[in-house]
């Protein structure tokens, strides 16, 4: 559960309506793989990840990033029950993929960077604070099955 004020909820949902899920998702995942290269081990089957350019232009990275961000967007509809909304993904990442749950926080950080880059002045400090709460809540929900 994420505790947002009415103003924070309005900021999050209002800005989300402007998000290009395909573009931002690929960029967020690509940044994760470049900035934290040890995360690439989960995506070795994506092909060439040998350089920042290769990662950022890799169609499989872009497609998976879009899928990840679409799931994040679906989660925004369930801010009062993020653990329930992400239960299946939490189990998948824990039991099958064995992803370090810390990586969910790192991806959230990358998403905040991407939102700031694309939304510019609209991504105010207040909007960032609200999104920081949301990405922390999503990361916590995704890590739920690890406990």
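Cβ from N, Cα, C; glycine included.
Swiss-Prot annotations:
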| type | residues | note |
| --- | --- | --- |
| DOMAIN | 3-147 | domain 'Globin' |
| MOD_RES | 51 | phosphoserine |
| BINDING | 64, 93 | heme b binding site |
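In the domain 'Globin' (3-147), the DSSP tally of helix, strand and coil residues is 119 helix, 0 strand, 26 coil. Looking at the domain 'Globin' (3-147) alone, the prediction's average pLDDT is 89. Note on residue 64 (heme b binding site): other Cβ atoms within 10 Å of its Cβ, all shown chains, come to 17. Residue 51 (phosphoserine) sits 18 Å from residue 64 (heme b binding site), taking the Cα positions as reference.
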